[in-house]
Amino acid sequence: MTILIEKPEIESQAECQKHVEENNELVLDGGFPVPTCLSDDGFLAPEINSFGHSFSRDYDAESERQKSVEEFYRQQHINQTYDFVQQMRKEYSKLNRMEMSIWECCELLNEVVDDSDPDLDEPQIQHLLQSAEAIRKDYPDEDWLHLTALIHDLGKVLLLPKFGGLPQWAVVGDTFPLGCAFDEANIHHKYFKENLDYNNPAYNTKNGIYSDGCGLDDVTISWGHDDYMYLVAKENGTTLPSAGLFIIRYHSLYPLHKEEAYMHLLNDEDKENLKWLRIFNKYDLYSKSKVLVDVEKVKPYYLSLIEKYFPSKLKW
C-alpha cells in the first residue's frame, strides 16, 4: 500500500523568526511545545538534547557516556552474526511471552533505559509521545504516522526479564544488514573485524548472499527492538500501511537512511517507504526534550488510534 500526502508548506527563515518572536511556541494539547517553523527540508531541529548538549549523534565525543556507547557498539558488532539473528527471529516469532495491549506495553516501557542513545536520559514513553506529538502537529491528517511514532520503540521490552532479558547489544543501537559485507558507513566499523561473519567468503562481498534490488524483506538485519516490534505488529494483524511497518522495522538502520549505504538492495516499494522513514527520523532524533508530555491528556487520542489499527490484545 502506497500513501500519498502533500508536502508541508515551508516557511522562510524570516517568517520563522517573526513567528517565534510574536508567538513564542505552539503548545499541543499534551502541553508539549513544538517549534512552528521549518527548515528547508521541512523540519526545525532543536539545538540541544535532554542533557543540554547538541543532538550530534557524535559517538566520538569524549565523555563517560560516549565511552560506554562505544563499548556497546564493540559488543554489538562482535556478537550480531547472521546465525544469531536467524536464531532470534525463530525464537521470538513464537510470540509466546505474554498478551497485552499496545498501551500496556507503552507503560511497561518506562522500566527500560537505552544505553546506546547518547541523547536520551528520560523515560522511554516520553520520547515516544514527544515524537508522536511533534509529527501530529506537522502531519495532522496522517494518523497512522502518529501511531507509528508512538509504538516504534516498544520492542525495547526485550531488555526486561519477562521477555528474555536480552543484553543491550541484542536490542538497541544502530542496525545493519548481515549476509553481506559490513559497509564502512556503520558506526565504529573497526569492531566488525572480530565478527565471525567478517571473513566468511559467502558474506564478505558487497552483495553477499543477496542480489541488486532484492528488497529489504529478503535481507537479514541485525536483531533488535525494530525487528521484534515489526514481527509483533505483523503477526497480530495490524492494519498500519506498509510505510508504517517499514518505519518500525528499519528506523535504526542509520547506515541506509542517513548515509545511503546498502541502497543497491532496495526495491521500488522500499524506495517509496524510505521517503517516509526519512521524514519520521527527524522527529525520532530531534524530539527528545526535557519538556514532558502530559500523558493522561493525550492518552484518549492515542487509544483511539490503537483501536483503529490494532486488536485490543496482542501476543508478544
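Positions of Cβ are set from backbone N, Cα and C atoms, glycine also.
Please treat TrEMBL annotations as automatic predictions, because they have not gone through curation.
Its Cβ placed at the centre, HIS251 (Fe cation binding site) has 22 other Cβ atoms within 10 Å. Marked as substrate binding site by TrEMBL: ARG57, ASP114, ASP115, SER116, LYS156, GLY173, ASP174, HIS251, SER252.
According to TrEMBL, the Fe cation binding site annotation covers HIS127, HIS152, ASP153, HIS225, HIS251, ASP284. Counting every protein chain shown, the Cβ of ASP153 (Fe cation binding site) has 26 other Cβ atoms within 10 Å.
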With a radius of 8 angstroms around the mean position of the C-beta atoms of HIS127, HIS152, ASP153, HIS225, HIS251, ASP284, what other residues of the same chain does the Fe cation site pick up?
LEU128, SER131, ALA149, LYS156, ASP226, SER252
Given the binding-site residues HIS127, HIS251, ASP284, which lie within 10 A of LYS156 (substrate binding site) by CA-CA distance?
none
If I take the alpha carbons of HIS152 (Fe cation binding site) and SER252 (substrate binding site), what is the distance between them in whole Å?
10
Starting from the Cβ of HIS225 (Fe cation binding site), draw a 10 Å sphere and report how many other Cβ atoms land inside it.
27
Local Cβ density at LYS156 (substrate binding site) - other Cβ atoms counted within 10 Å:
26
C-alpha spacing of ASP174 (substrate binding site) relative to HIS251 (Fe cation binding site), in angstrom:
9
